[in-house]
Protein chains: 2
Amino acid sequence: MSKADSRPIGVFDSGIGGLTVLKELALQFPQESFLYLGDTARLPYGSKSPSTIRKYSEQNIIFLEKQNVKAIVIACNTASSQLTEHEFDGLPIYNVIEPGSQRALEVSSSKRIGLLGTRATVNSKAYTKKIMEFDPKAQVFDQACPLFVPLAEEGWDSDPVTNLIVFRYLTPLLQNHIDTLILGCTHYPILKNSISRVTGSSVELVDSGEAIARWLDRDMKENRLGASPGVEPRRIEIMTTDHSDHFTEAAMRILKPVKADGFRVVDL
Amino acid sequence: MSKADSRPIGVFDSGIGGLTVLKELALQFPQESFLYLGDTARLPYGSKSPSTIRKYSEQNIIFLEKQNVKAIVIACNTASSQLTEHEFDGLPIYNVIEPGSQRALEVSSSKRIGLLGTRATVNSKAYTKKIMEFDPKAQVFDQACPLFVPLAEEGWDSDPVTNLIVFRYLTPLLQNHIDTLILGCTHYPILKNSISRVTGSSVELVDSGEAIARWLDRDMKENRLGASPGVEPRRIEIMTTDHSDHFTEAAMRILKPVKADGFRVVDL
C-alpha cells in the first residue's frame, strides 16, 4: 500500500463550469483536498482557436504544479479537447474526454451517441475520435450549443427560454435516434433539467463530472495517486484570475451541498 | 485649413461588436482609412472586472498607436466605461459613452432614458453619470443583458428565441415609461429588429455607431483630425488576436455593404 498523500488535487476550467466536476469529485472523495482554478479573466475558451486554448491550458497546468498538487483534472471539455491525458513533470493530468467517451459506450445499447459541446470542442472532433477508437462501429452526432454557457451563467436553468433553446439545438440530434447524450461541456449539467425534459427518459445523459469521478476512483484504488489522508479535515480552495462577485455567488449555488473554504484572486 | 492626413483611424473592440461602429464610420467617411482591432483571444470584456478591462484596453491602445493611426475609437461600451475620452501621446482617444449619452438627451422628450448593456457597463454606471452630468433632471433605467452578445454572435437576429429574450430583458424598462433606449453595447445593433419589435415605435433607439460618427464629423469639420486625403483609395484592414473563420464570416455579414481589404492575426 502506498503512503498517504495529503497534497490537494488541482482542478481547472475557464470559469464556473468546472465547478460541476469539482462538486462530483468533492462528494465522491470526502477525504481529498482540492485546489480549483477558474481562468475567469480569459473565459470563455469555447470560442477560441486550438493554439490559444493550448497556450492558456499549459499556463494553468504550470501554475497548479507550482501550488504543489498531486494530480490535475482538466475540468473543461474545450481544454481537454486540446490536451490528451498525459504526465507533466511526473504529475498525472486527467482530461474529461476519455472518461466521458468510455461512459457513453458503457450506457449506450444502439451505439448511436449524441454530443453537445462548445464550437471548439465540436470542431476538434476529440470525442468522436476517442469513441471510434474504443468502438469503431459507434456513431457520434454532434451539435455546438454556444448559448448554453451564457444561459448557465445567467442562472436560467429550468426556464421556458432555456427549454426553447435546448429544443432548437437538440431536435437534429434526436432525429438521428440517439440513445445516449454526452453533456460535452462542464457548464451543461447546470441545464440538466431542461435538457432531460427535451430528450425524455429514453436518452441517457452522460455528465463529465460523474465520468471523471469514476476514472479517478479507479486510479485511487490502484494507488496511483497515493492513499487519501485520514486525519485532518480536507480543504477546498477556489482561485480565479479575475475578481467577480457574480462568480462567487454562482460558485456557491453550483457547489451546494459542498462548501468552499476560501476564494482568492491570483495572477498566472 | 489643416494639412491632409492619410493615416488611418484606429478602432478597437473585444470582438465583432465594434464592427457595427466601423461600418457606420466607413459609410460616413468614405475617404478615411481604418484599422480595426478585435481582441478575440480575450473576448468578451463584458463579464470582466474594471481593472482587467482597463489593462486590456490600454494594451490595445498602445498597439494601435504603434501602427501609426491618427486617432483611436474605443468601439466597445465596456472598455469605454473604464476609459474616458482623453489624449494619449497626443493621439485623440474617443469612447462611445459621451456621444451616446448626448444623442439620447437630444432625442428624448421625457428625459426618461433606458440603457441596455453588458454586466460591466451597467455596473460601471458610466452612462448614468455622463447623462446626469449633461442634464441632472434626466432619469436613467438600466438593464444588463448577458445573452445578447452570444445571440448576436450566433446570428439569431429576428428570431423568435431572440424576441422572447428581448421581451424578458426589456419588460422592466418599458414599465418605467422610457421614450429613448441606448443600445449600450456595440453588438446590440445586430439585434435591432428584435429590439424595436418589442419597444414599438414610441421608443427611439440610440446606436453607438451612429452617435460616434456624428461626434467625429464635428471634429473633422473643426479640423482636429487633419483633413481627409483625397487621392488614393482608402483601405480598411481588420486585425484579430485569435484566428477564427467564424469571425471572418460574421465580420463580412455585419459590415455589408462595406468591404474589408484584408484580415490578419496579430500578437499584442
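Each Cβ is built from the backbone N, Cα and C atoms, and glycine gets one as well.
Summarising the annotation, TrEMBL assigns substrate binding site to B:D13, B:S14, B:Y45, B:G46, B:N77, B:T78, B:T186, B:H187. Per TrEMBL, active site, proton donor/acceptor is recorded for B:C76, B:C185.
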Cβ-centroid neighbourhood (8 Å) of the substrate site, B:D13, B:S14, B:Y45, B:G46, B:N77, B:T78, B:T186, B:H187 excluded: B:G15, B:G17, B:G18, B:L43, B:P44, B:C76, B:A79, B:T118, B:T121, B:V149, B:C185
Among B:S14, B:N77, the most crowded of the binding-site residues [Cβ within 10 Å]: B:N77
Alpha-carbon distance [B:C185 (active site, proton donor/acceptor); B:T78 (substrate binding site)] in Å: 7
B:Y45 (substrate binding site) in three-state DSSP notation: coil
Neighbour tally for B:G46 (substrate binding site), based on other Cβ positions within 10 Å of its Cβ: 26
B:C76 (active site, proton donor/acceptor) - helix vs strand vs coil (DSSP): coil
Inter-residue C-alpha distance, B:C185 (active site, proton donor/acceptor) and B:N77 (substrate binding site) (nearest angstrom): 5
Nearest-integer angstrom distance between the alpha carbons (Cα) of B:S14 (substrate binding site) and B:C76 (active site, proton donor/acceptor): 7
Spatial neighbours of B:T186 (substrate binding site) that are distant in sequence (at least 6 apart) but have CB under 8 A: B:D13, B:G17, B:G18, B:L19, B:T20, B:V21, B:A75, B:C76, B:N77, B:V96, B:S208, B:G209
Coarse DSSP state, helix versus strand versus coil, of B:C185 (active site, proton donor/acceptor): coil
DSSP-derived class (H/G/I helix, E/B strand, else coil) of B:S14 (substrate binding site): coil
Residue among the active-site residues B:C76, B:C185 whose Cβ has the most other Cβ atoms within 10 Å: B:C76
Substrate binding residues B:D13, B:S14, B:Y45, B:G46, B:N77, B:T78, B:T186, B:H187: largest Cα-Cα distance, in Å and rounded to whole number: 12
Cβ packing number for B:Y45 (substrate binding site), 10 Å threshold: 26
